[in-house]
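What Swiss-Prot records for 9-141 is domain 'RNase III', and it gives sequence analysis as the kind of evidence. Annotation comment: Swiss-Prot describes Glu54, Asp127, Glu130 as Mg(2+) binding site, evidence class sequence analysis. For Asp58, Glu130, the entry in Swiss-Prot reads active site, with the evidence type sequence analysis. Look at Swiss-Prot and you will find 168-237 tagged as domain 'DRBM', backed by sequence analysis.
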Amino acid sequence: MNKEEAKILIDFMEKIGYRFYEPELLYNALCHSSYAHEQKQRGRKDVESNERLEFLGDAVIDLLLAEYLYLEFPEASEGVMAKVKAAIASEEALAQIARDINLGRYMFLGRGEEVSSGRERDSLLADMLEAVVAAVYIDGGLTAVKKVFLSYFAKYAKEVVEGKIVFDYKTSLQEITQARYRKLPEYVLVNEKGPSHMKKFTVELRLSGKLIAVGEGPSIKEAEKEAARRAIEKLKGD
């Protein structure tokens, strides 16, 4: 890694309060595939995509959450624990934790991801958080992961259990509409505009043909999530 990249790693380690024994692990975790591809085209051989770390991080987060929920909520049933774990391991929740530690500021992205607001995209932030969790796990074990991240996961787990926050908007909305109306929501793409690297999609959410909410986002998936979030707010107010 070069000096500029090394400085970013030092800043991030200070941010999360953990100093890596092997900083190369963190460097790998922060390298998006777009950045690795660009750097390899420039002749660099030390830059690898973080995709393998994402795979491991997903499993580490599952273990961290399962252990925490089992110990912290002894009265909770398997079904309740599974539901809470799914909510906290969702893309939306992981992206929020990534924002809590300002992860977007420290990521290494290719030019295309930079211009398309990759640093703010839920999917990219969630994947990057998984990679960083895996890097901490390899470097310092589960104890280090708990030290760095458990407080963030625990905070949101408690809020989900208490019903104070929703992360998986589409699933939550589906549960509401099935229980209340015995119907499933329908998502309809009604508009798509902008250049290929800066698309903006508009989705209408309908229930039994009736317009309930509209969502916009840089992808159809993000627009659907926003529509579901707005629909939940509206239905809770009814």
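A Cβ is built for glycine as well, from the same backbone N, Cα and C atoms used for every other residue.
Taking the features listed in Swiss-Prot, we show where each one sits on the structure.
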{"residue": "Glu54", "record": "Mg(2+) binding site", "Cβ neighbours (10 Å)": "20"}
{"residue": "Asp58", "record": "active site", "Cβ neighbours (10 Å)": "17"}
{"residue": "Asp127", "record": "Mg(2+) binding site", "Cβ neighbours (10 Å)": "23"}
{"residue": "Glu130", "record": "Mg(2+) binding site", "Cβ neighbours (10 Å)": "25"}
Beyond the site residues Glu54, Asp127, Glu130: chain residues whose C-beta lies within 8 Å of the centroid, for Mg(2+): Asn50, Glu51, Leu53, Phe55, Gly57, Asp58, Ala126, Met128, Leu129, Ala131, Ala134
Integer Cα-Cα distance in angstrom, Asp58 (active site) to Glu130 (Mg(2+) binding site): 6
